[in-house]
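As recorded in TrEMBL:
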- 7-25: transmembrane segment (TRANSMEM)
- 37-59: transmembrane segment (TRANSMEM)
- 71-92: transmembrane segment (TRANSMEM)
- 98-120: transmembrane segment (TRANSMEM)
- 240-268: transmembrane segment (TRANSMEM)
- 288-312: transmembrane segment (TRANSMEM)
- 324-341: transmembrane segment (TRANSMEM)
- 347-368: transmembrane segment (TRANSMEM)
- 380-402: transmembrane segment (TRANSMEM)
- 417-436: transmembrane segment (TRANSMEM)
Amino acid sequence: TFFPFSSVPLGVFWSLFLGWVWLRLLEVPDPNIVSHYGTGVVVFGLSAVVELLGEPFWVLAQAQMFVKLKVIAESLSVILKSVLTAFLVLWLPHWGLYIFSLAQLLYTAVLVLCYVIYFTKLLGSAELSKQQTLPISRMTDLLPSITRSRAFVNWNEAKLTWSFFKQSFLKQILTEGERYVMTFLNVLNFGDQGVYDIVNNLGSLVARLIFQPIEESFYIFFAKVLERGKDATLQKQEDIAVAAAVLESLLKLALLTGLTITIFGFAYSQLALDIYGGAMLSSGSGPILLRSYCLYVLLLAINGVTECFTFAAMSKEEVDRYNFTMLALSSSFLVLSYLLTRWCGSVGFILANCFNMGIRITQSLWFIHRYYGRSPHRPLAGLYLSPALLGAFALSGGITGVSEVFLCCEQGWPARLAHIAVGACCLGVTLGTAFLTETKLINFVRTQLGVSRLAGKTS
């Protein structure tokens, strides 16, 4: 029985409770500086409940690999949200938080509406009745219902759901824990929080646009190919070989992407912030924050790939053991975030995140090593780079670092353009070296692009 809508009452409860906490127990900004704060909290809580209404459709689309639906729905929602935000900021700036809360509500409403319209048309089509591929036949099947055994709760499914809930909750703490420390313990003032949020949003663009879709798509792939909880020697060897080859190429791709962002990000963080926000961002702690975030992006890329495989292959018992480890890691991460922030300011949050990612990567790598230990496949070879490519990265880092010292960012735009040209040449040499030395990865990328084009033509 499919009953994800039962999470909506819980969402309403938590929205009301946390809204009360934010308005009554936490520090409220000065209304003269941040207007309509209370209304903003309420509207954001409402948008969370609306998004929960679309969660069953999102889960169903993920399970059926409706990638095109997800891309269209999320793209349309983001575009409309951005257009509304820009329009209100330009024409009604005195609305304050009304602008961003209304834009968020529009985003969730459009996202849910896209999924509802798609599945309403799909379930009513004659094509579906011939294929019978979906686990539901009408929209009401998504509503809470009594099982055939007349039991209100399927306890086997409930235990598995609870296991994944604990995992998701702990992962949320590890991913967004610094925000809770920042909010509840007031370790940074609102000005420093604003700079940190700007840098965090800029730095996480690559993670959201590239790494997250890859992680979600290939988690589904690994979950389809591998039988959860079974040793590699007990599964179909063709499937194990395919999974190993894909994992190796994904690790190589994540490593190369992360290293490129880290090496070039160090030399171009100040320039990027200066172009984006002027001297206010580029002269303070902003460049150090963004450089630290570039290193974090490298760890984030590797962790996304290793965890998507690990969570797809783990048994329920292994997931529970992993959750216990993540509980200890969550506690230590929050404490470390607080201590490092007291010691070195907002950079401490990023350093704590790097420590957290390093531990999670180590756990996932150990699981993958044990999983393929008795098979001839070695997917972790994807984390090794050729000496020529490592040399190209090192040389690029040195040249762009020297270029930043002499050309950026007080000598005017001609010097800045020269600094950008130096980076472009170094990037071209590095990518050319990767193209010549990493032939297996190039073939993998070409294959994936070919599959995507074929799927686009046939859909």
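Each residue, glycine too, has its Cβ placed from N, Cα and C.
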Comparing 98-120, 240-268, 288-312, 324-341 for Cβ pairs under 8 Å with the transmembrane segment (417-436), the winner is 240-268
With the greatest number of Cβ pairs under 8 Å to the transmembrane segment (37-59), the stretch among 7-25, 71-92, 240-268, 380-402 is 7-25
Under 8 Å, at least three CB pairs between the transmembrane segment (288-312) and the transmembrane segment (98-120) (pairs 6 or more apart)? no
Quiz item: With pairs 6 or more apart in sequence, are the transmembrane segment (71-92) and the transmembrane segment (98-120) linked by at least 3 Cβ pairs under 8 Å?
Solution: yes
Lying 6 or more residues past either end of the transmembrane segment (98-120) yet within Cβ distance under 8 Å of it, the residues of that chain are 36, 39-40, 43-44, 46-48, 50-51, 53-54, 57-58, 60-61, 66, 69, 72-74, 76-78, 80-82, 84-85, 88-89, 92, 139
